Amino acid sequence: MTHIKEFFTKLSESSSNQNISNIPKKKKKLFLALFATLLVVAAVIGIVAGVNSRKNSGDNGNEPHHAILKSSCSSTRYPDLCFSAIAAVPEASKKVTSQKDVIEMSLNITTTAVEHNYFGIQKLLKRTNLTKREKVALHDCLETIDETLDELHKAVEDLEEYPNKKSLSQHADDLKTLMSAAMTNQGTCLDGFSHDDANKHVRDALSDGQVHVEKMCSNALAMIKNMTDTDMMIMRTSNNRKLTEETSTVDGWPAWLSPGDRRLLQSSSVTPNAVVAADGSGNFKTVAAAVAAAPQGGTKRYIIRIKAGVYRENVEVTKKHKNIMFIGDGRTRTIITGSRNVVDGSTTFKSATAAVVGEGFLARDITFQNTAGPSKHQAVALRVGADLSAFYNCDMLAYQDTLYVHSNRQFFVNCLIAGTVDFIFGNAAAVLQNCDIHARKPNSGQKNMVTAQGRTDPNQNTGIVIQKSRIGATSDLKPVQGSFPTYLGRPWKEYSRTVIMQSSITDLIHPAGWHEWDGNFALNTLFYGEHQNSGAGAGTSGRVKWKGFRVITSATEAQAFTPGSFIAGSSWLGSTGFPFSLGL
């Protein structure tokens, strides 16, 4: 190769001293032919040298780390992104010895991308021409980024302990929950901006970064599912038995609810750590003040009693406030109410009267309400992103978007949820059991949609399950329900998943059962199931004929959507003290 370079150097020097036009015609042809031949030879030598160089450096497709990386990425939805992102890491060959290593590297790369997005949003906030809603939406993005970073860090910690600290099934469910929530956060950020020209420029500035992180999270989720599914299959085979949960029920409660929390949820006499009373007879006059004063990062249950009264405020239980419990004096006596809404400049995310993010949150005997009304469009009464959270004897009252089951694992029992359009929506793994779900009278020309589930990826362990509940109309809608068609749900996102089972459905529900979101969007990729429902609106003969809709006839398939299976209820629900059923 050195000789070739020397030749071209001399050739260049020669040509610079002699004009090619002065060379005789035959010699000129010979010269050009020789020159072209040498170029080809040089190119071939260069390619061979490059290949040999890569072989010598160990960056070889036959190397073990390359095979592990390629195999791991092949299970993802975006394999090229998966491979290129990790292959670009310096000395990746020394770090990859297993699929677990690939996943951990992917999570660390994703964390860096999330941090990059954070600084991009901070830069956007310095713009002077932002609207009120754009500012609110950008702050929503900062909040969801903060949550995403926590989820990625927790996933790395869980992965480092895999598969020893917990059962395989617990590891699998926890990891899939964390990555599903991290993915959901990226869409939540973008959902805060409308698609119209008024604030499209801000959304466009964010979109590439958010979508990139969402794809990276999707890849990590797919690899986690592939790894844990494989390991559990090996365990089943080696043990020659079906892998089961360590504890399926504790007196009918999911096991993640400790005996102490079960008592708290059902006991009529509980000693609180703080008391809220609007008349000044407690420690605090507002719920928000009591939450702010609660210990952060607590591992013990911290109980806030909210005395009877109407509390006109917006309450946030942040991620730092863990294991908080609200106890009211009765669902008709303790009411937390607000009226934030999208029409007046809020985002859907920030419109919530009460927003709960802190892990292990419990509430009982309270009403969460948004009084904005149907003309104000999205106006959330309760938003929940708290993992392992549960609500008992609570009312959620609003119109459009009443209950926002945003992310993570959630359980609602003996609750009333009332609204109009998409009034139970989000991308949590949420089970509503023994609840009353009532459609209200909407604005003229509107249709009622009970659910709008937001699953964006086929590997997310999310969905809305309504079990052993009652679906009907409120007293204001019932006399005129024929004028307002009501459906069980519509697909908000591409892989929307909702199951209604063992519930009573009145004639309020349209015979088709389900409604489109926008034309054919998601009709082939959604999962809508019905199992053993009763009532005048439960007949399935007139239901939609979409590829994604099914009548579930197998008890085994239905069992997958019970609290014990769908939200890993056997590991945590028992601690709440709320009454529940884990199975069918």
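Each position is counted from 1, following the chain as shown.
From the backbone N, Cα and C atoms, a Cβ is placed for every residue, glycine too.
Among the candidates Gln369, Gln378, Gln460, Gln467, the one that Swiss-Prot lists alongside Thr348, Arg490, Trp492 as binding substrate is Gln378.
Taking Asn19, Asn129 one by one, Swiss-Prot attaches N-linked glycosylation site to Asn129.
Separation of the C-alpha atoms of Asp401 (active site, proton donor) and Asn108 (N-linked glycosylation site): 35 Å, rounded to the nearest whole number. In sequence order, the recorded positions near Arg490 (substrate binding site) (Cα within 10 Å of its Cα) amount to none of Asn108, Asn129, Cys415, Cys435. Taken over all pairs of the listed substrate-binding residues (Thr348, Gln378, Arg490, Trp492), the Cα spread reaches a maximum of 18 Å, rounded to the nearest whole number. Considering other CB atoms within 10 Å as the measure, the emptiest surroundings among the recorded positions Asn108, Thr348, Gln378 are those of Asn108. Among the recorded positions listed (Asn108, Asn129, Gln378, Asp422, Trp492), Asp422 has its Cα nearest to the Cα of Cys435 (disulfide bond). Residues Thr348, Gln378, Arg490, Trp492 make up the record's substrate site, and a Cβ search at 8 Å around their centroid adds Gln400, Asp401, Val421, Asp422, Phe425, Ala452, Gly454 from the same chain.
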